[in-house]
Amino acid sequence: MAAPYRNQYHHSLAHPDAYSDDEDDLELDNLDPVTALTPDPNRRSHDWGRRLPPRILQRFAAARRRPREEDEERLVGDGGERAGAEETEEGAHKRERSDADAPLLADDEAGAERDSLNAAGRPPRRKGLLSRLLALGRSRGGAISLPESSRADGGDDDDDLSSSTRTLSVGRLAPSSSLPPTKYPANAISNAKYSPASFLPRTLWNEFKFFFNLYFLLVALSQVIPALRIGYLSTYVAPLAFVLCVTLGKEAYDDIQRRRRDGEANGEIYRVLRFEEHRAEDAEWAGRNGGASKKKTGKGKRGKRRQASQEDDEHDRLADVEREEQDTEDVETPTASFVEVNKPSKDLKVGDVVVLGKDQRVPADVVILKSFSTETEKLPAYDPAPTPSKSTTPSAGEGSLLEIEGQPDPPDSELQTEAANALPLSDKTTTPDPSAGGEAFIRTDQLDGETDWKLRLATPLAQTLPPSEYPRLRLTAGKPDRRVNDFVGNVELLTRPHWSGEHTEGIEHSLLLTIDNTAWANTVLASSTTVYAVVVYTGPQTRAALGTSASRSKTGLLELEINSLTKVLCFLTAALSAALVVGHHIYTADFTNAHPGNARPWYLNALRFLILFSTIVPISLRVNLDMGKSVYAYFIHRDQGIPGTVVRTSTIPEELGRIEYLLSDKTGTLTRNEMEMKKCHVGTVGYGGEAMEEVRGFVQAAFDGFGGNGQEGRLWTPSAGLDDSTQTSSGTRTRREIATRVRDMVLALGVCHSVTPTMEEDPDTGDVSTSYQASSPDEIAIVQWTAAVGLQVSHRDRRSITLTSTFTGQVVVRVEILNIFPFTSESKRMGIIARFCKHADRAKISEGDDEIVFFQKGADTVMSSIVVANDWLDEETGNMAREGLRTLVVGRKNLTQETYEAFKQAYQEASLSMTGRDAAMARVVKLHLEQDLDLLGITGVEDKLQPNVKASLELLRNAGIKIWMLTGDKVETARCVAISSKLVSRGQTIHTIAGLKRKEFALDALGPLQSRHGRTSALLIDGQSLALYLSHHKEDFISTAVRLPAVIACRCSPTQKADLALLIRAWTRKRVACIGDGGNDVSMIQAADVGLGIVGKEGRQASLAADFSLTQFAHITKLLVWHGRNSYKRSAKLALFVMHRGLIAAVAQAVFSVSFGGEPIALYRDWLLVGYAT
């Protein structure tokens, strides 16, 4: 960074007469770019970053032929902080070094003037060196810092900095003054209902908000009044206190168990890089030692020049200063040292760098810094001054990003504009190049329910940076947000600290961060890579936590009914008391008239009767019911038919028997998220099951003789395959045609995908196995099938794919990837343009290879219009769909070199469009490629169901429970699972509402479901249409949907799942149960009357938040139909028994009082009544 000012400095020395203070003079910005006098108002500045070391000022003071002492007094201050004129040279040198750490620059008035000019959009007037130094000398005191620029988080006006836009130092090693002290929340999971301070108030409120308990509290308090006292005070207070103690103890036990389970999740250990600041003394000693010999030589020469002329002396003194500076700056030391330590998840803090491995849960919202394979990591050496990244936008003479790298398009201009407006970015900000960063795949099904793996990229700025340099990274991120598919931020690489320990604010590079650089909490690293990631959001500020709702205390319907019945019994008690008071008044009228002073007031008699008849509503009812619930929970826990079931909320076991609506997640709940290729059809014949052996035979014969064992290493190509098939005379013509179709089908599936094979070694046996990484489990299942039938994907990079025959172990096919068109939910298809290579040698990859083929596969709804007309496609896809298989149609088109060049040119021009870029590129693909493709065949992939799902759903449906399936997955996937799981019965109509954008058409789409025939249909709706209904036609939608036997909602967000649960509860007043296994199901589970969580291999968050925890979906049948119904029946009978027992005592008391003329005298005294009523 020192080179610019050294070159200009020599120029000024060579022309001493040209030195002036005009605008063409040497600029202070060029002396040291990190000490710029005009701070960027859009970027955070820090006290420790913007200052000019005194050694720089002194160097230019010497160039002005001023005495050293005078310059120091002028530039550093008024001498009040100096030791005195008698200070030795050594002392002055030490003072110079110590003062180098003090900020010197710019006064408040100058800073305010510059800020106002910048705000007006005009750059400040550039001054000469002398004028600017004199301005500094006139500033207050001596050491004066630059005015601090506006903070990215809103400055002092923002009271809650942790919830606003944040700027953090990676590794948390920055000086304390570098960033504002902001306290971020702890990274802890908490499913507890109460805190130590709120436990007692909240629990008492939950008890006494019901009339049942409030009634007994008033009865107990009435015994404090002597005129109302029937017996001992303890006989009324003790039962109430006992009930409260039992309830509080049970609530405390349940909450302690939740905290214990939370502690297990929070105690999960992660590896963290702990950084320690590198000692500047070591670098300083090395720098000065290294330059000692040169400095000594320079001094000898400088003595001779001093005798020659005064100008030479000036030149040599400055040259010596430069030489010393050069020697010290050449000594590069790491910014920090680091060690790897273990930390529990709850102790992770914002700025920590965590190390993640395969199948490890991401503990917080992180930004990926680096991703590499533990076996094949070969990263380029770090360049202290790397060149800026090239733009990802292709030029007119280059291929597009898709053509070169085989990756999705970079963010369009609209996204860049939105990002630039949302955050304070440096003027050096560029868009990250996906090819420059490491790749990693994550699973997000626990967050958004989508089964497809997501590709994530490390930021190129940190991918090639050694971990010891991570403290130089400064990251800016937006405020916490619940949107899981949106993120905007930027990362800056600060300049290397000086050997003397000086921190500078210079920025070498700045890159934009997008959603592709992030991994949210509760996602899982799926690829065989090691990832370094910095924590950005923790605890309640993570996407997963913001998408969930706070837990609530759940009250069973039985308790609500008992509370209502209590009011009726209290009315009966009041009526009986009133009757006895009237009777007593009539009976004692003569005595009262004769002795008016001895009569007791009528209202006292009424109150005493109310207390005497309080046994009609026995206080022991709550105790008996709570004890019964504990017994029910014990029965559930020890049931061997549903092993592993845990009761987390023991207050609502009766609710299990009163469920009328069951809302279920799909991924991990109904399905295993394990795909398997079950069938394929090539037009004239289909294969499945044992018939796959015939496919293996066709593949073996098709590629026999190719590869390293024959034809001098030549590979299979379409022309070679044609020659081989024409020379083969075995079999009938029909069989040869079938064999050719099968070969082409398998070859297309082996080439047209986004799967990357990885080699993994078993640490125990040493065996090497091949695993696959892809964004979709469907593609992995298809590639595994091609390997099973004889054609294995053995290697893939961004430019080529290699296929190996499993029969010979030789490479038989290698293709060069020219373009790849990824699958999107809008296009519903993916394609690839491949050039076949004739030689196994990679060096000959493009010599004479002119056979280019376009392969494409996608949903039958879009591919039917792309492939050539046929008479079997619709029929066969319908047959597979009825079996619950996910179908893909495969097509092929041969391209000439001229055709491809024409497409390439048109595609490049479309990719350069500033508006409508994606649509223009799609039109080019459709015009040049997606027409008249040869139909090769259809694949049928099955999403494996959990054990006994079909029987369980049928049993629940027969029990009168209406089942809704809510998933974040695609429409096609949801339809197939609904059919395969028998959620939708065979022959039942599925009414689909998808892509609805205008509310005017919403009611018309519901019309067919409101007829008598439509009420027997199942509804399939996507998230976009559902959001429209919930916003504009909520009542019309829910009134129609609750009458249907089955509803499938796909592409649902966690919030929409919870909203549906709340809407069904509010509209129907029926009991709703929700079941799920992922973090994206927590909101839905907490919103339901009964939450059921499945302990899955993906995580325990849903299980921890649920009222009942299961190990598999099939256990729900016994839990609801057996335990739930029995618990409800037992509690109902127990409540009737206790009430009838209280009525018997009340009737006996009434007879006793009548026999004594209506006097409120107790029949049962003290503890006798307590013992009977309990």
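Note: Cβ is positioned from N, Cα and C throughout, glycine not excepted.
Features of the protein shown, as given by TrEMBL:
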type	residues	note
REGION	1-125	region 'Disordered'
COMPBIAS	19-30	compositional bias 'Acidic residues'
REGION	144-182	region 'Disordered'
DOMAIN	182-231	domain 'P-type ATPase N-terminal'
TRANSMEM	210-230	transmembrane segment
REGION	284-339	region 'Disordered'
COMPBIAS	293-307	compositional bias 'Basic residues'
COMPBIAS	322-332	compositional bias 'Acidic residues'
REGION	378-416	region 'Disordered'
BINDING	Asp665, Lys666, Thr667, Glu779, Phe823, Lys857, Arg886, Thr967, Gly968, Asp969, Arg1051, Lys1057, Asn1080, Asp1081	ATP binding site
REGION	715-734	region 'Disordered'
DOMAIN	1104-1173	domain 'P-type ATPase C-terminal'
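Overlay of TrEMBL annotations on the structure.
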residue	record	DSSP class
Asp665	ATP binding site	coil
Phe823	ATP binding site	coil
Arg886	ATP binding site	strand
Gly968	ATP binding site	coil
Arg1051	ATP binding site	coil
Asn1080	ATP binding site	helix
Residues sitting near the transmembrane segment (210-230): Cβ under 8 Å, six or more positions beyond its termini, same chain? 236-237, 239-240, 243, 559, 562-563, 566-567, 570, 604, 607-608, 610-612, 614, 617, 619, 621-622, 1162
Looking at ATP and its recorded binding residues Asp665, Lys666, Thr667, Glu779, Phe823, Lys857, Arg886, Thr967, Gly968, Asp969, Arg1051, Lys1057, Asn1080, Asp1081, figure out the farthest C-alpha pair and report it in angstrom, whole number. 32
Tell me which residues of the chain lie with their Cβ under 8 angstroms from that of Arg886 (ATP binding site), as long as they are six or more apart in sequence? Met675, Asp778, Gly940, Val941, Glu942, Asp943, Glu972, Thr973, Cys976
Out of Thr667, Asn1080, which of the binding-site residues is least crowded by other Cβ atoms within 10 Å? Thr667
Count the other Cβ atoms sitting within 10 Å of the Cβ of Gly968 (ATP binding site), across every protein chain shown. 28
Residues satisfying Cβ distance under 8 Å from Phe823 (ATP binding site), sequence separation of at least 6: Ser754, Ser775, Ser776, Arg829, Met830, Gly858
Across every protein chain in view, the count of C-beta atoms other than its own within 10 A of the C-beta of Arg1051 (ATP binding site) is 23
Would you mind checking how many other C-beta atoms are within 10 angstroms of the C-beta on Asp665 (ATP binding site)? 29
Structural state census, the domain 'P-type ATPase N-terminal' (182-231) (DSSP three-state): 25 helix, 0 strand, 25 coil
Average the pLDDT scores across the domain 'P-type ATPase C-terminal' (1104-1173) and report the rounded value. 86
Secondary structure composition of the domain 'P-type ATPase C-terminal' (1104-1173) [DSSP: H/G/I, E/B, coil]: 52 helix, 3 strand, 15 coil
